[in-house]
Amino acid sequence: MELRVGNKYRLGRKIGSGSFGDIYLGTTINTGEEVAIKLECIRTKHPQLHIESKFYKTMQGGIGIPRIIWCGSEGDYNVMVMELLGPSLEDLFNFCSRRFSLKTVLLLADQMISRIDYIHSRDFIHRDIKPDNFLMGLGKKGNLVYIIDFGLAKKFRDARSLKHIPYRENKNLTGTARYASINTHLGIEQSRRDDLESLGYVLMYFNLGALPWQGLKAANKRQKYERISEKKLSTSIVVLCKGFPSEFVNYLNFCRQMHFDQRPDYCHLRKLFRNLFHRLGFTYDYVFDWNLLKFGGPRNPQAIQQAQDGADGQAGHDAVAAAAAVAAAAAASSHQQQQHKVNAALGGGGGSAAQQQLQGGQTLAMLGGNGGGNGSQLIGGNGLNMDDSMAATNSSRPPYDTPERRPSIRMRQGGGGGGGGVGVGGMPSGGGGGGVGNAK
């Protein structure tokens, strides 16, 4: 029996779960366009979907904000239909054997800071910054980072008067304990600084593969929160970031030193990482680790031709030229030369073995099976399928905030499971939603 929503959308299989409600793959009946459909039972004690849809509508028009297509109710459910997105950063992290190269971390950091900046500019804080809540786009927006799941978002100031919410203490932990700021653990009301501190932990999670306060044993959730808090408080920023460029220490120090109602200097934080990116000699070619894992090594003629076929006008020719330049540079430079630059930024340290392995365009291969994490079938069978080209841009600066054609990943039908966003296919987004006081 065919299930329909609003007589406009055909309801398909479940592809994930958000902090509140389940997410399904849907199809627009008239056009065949695939969408994400979030459902929430109308009998739930604390309905959130209507509130979340208002947040999304407030954010509409921002780069990396999912487009809301339709909101309403159908039978026993509140419904929100939104733009379909690709895999979450948590899914991609698992796909890349739970370690990102420094280049990929810096490419992501720039976009993620921009997304948080935009949300704050609209007078809201997210309060659940984690890899599951950042998704990659699809098609032409395949390398654009999106931020999702506003189920825990909160207005931190009045839009007209700009009056900030008051400082409070004895607040319950809201968000995910693994990435929560120190002040959140201490029961202090969250503000803009806390979103950015959480992002700092996400970036170090990508660098390290795991944070020092993961995997702690406890009898119950409350004790686990306490153990995470104790470990986080006792781990200095210098120790946490040991073996990685000092910019990560500077970033976290900056976040922790901010006052409760202080406006963060987002430009300064982006510049920290952009300067490091340039110093290491990386190129803004939008080639992330997951691109290399699938396609391997330098550009080949077929990939360059795909870029040419998929791009428009002069931008297309520029992309092709840049892709060719990346191929030539990758062929000419050795892994040792690239690693030398990374080592210099690390002050002589070599970083982790897995990190070194991914520098200089060296590739890894995963041939089928389950990549682990959140029950996502990552590759093999009906798993990950990248069917668009990776068109590089010939630029020394990151033009992330223009929604131009980027390298892309299109997800085809695959194993479901997991939760957290509006991803689809073999890489559904996320790992069990946001939740209040998630102990992950």
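The backbone N, Cα and C atoms fix where each Cβ goes, and this holds for glycine too.
Annotation source Swiss-Prot lists domain 'Protein kinase' at 9-277, citing sequence analysis.
As annotated by Swiss-Prot, ATP binding site applies to I15, G16, S17, G18, S19, F20, G21, D22, I23, K38. Of all the Cβ atoms in the protein chains shown, 22 others lie within 10 Å of the Cβ of S17 (ATP binding site).
Annotation comment: Swiss-Prot describes D128 as active site, proton acceptor, evidence class sequence analysis. Of all Cβ atoms in the shown protein chains, 26 besides its own fall within 10 Å of the Cβ of D128 (active site, proton acceptor).
Mean model confidence for the region 'Nuclear localization signal' (221-224) is a pLDDT of 92. According to Swiss-Prot, the region 'Nuclear localization signal' annotation covers 221-224, on the basis of experimental evidence.
Swiss-Prot lists S333 (among others) with the feature phosphoserine.
Annotation source Swiss-Prot lists phosphoserine at S334 (among others).
Feature annotation from Swiss-Prot assigns region 'Disordered' to 376-440.
Per Swiss-Prot, the feature compositional bias 'Gly residues' maps to 413-440.
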Neighbour count (Cβ, 10 Å) for I23 (ATP binding site): 28
Going by DSSP, is D128 (active site, proton acceptor) sitting in a helix, a strand, or coil? coil
What counts of helix, strand and coil residues does DSSP assign across the region 'Nuclear localization signal' (221-224)? 4 helix, 0 strand, 0 coil
Residue, out of the binding-site residues I15, G21, whose Cβ gathers the largest set of other Cβ atoms within 10 Å: I15
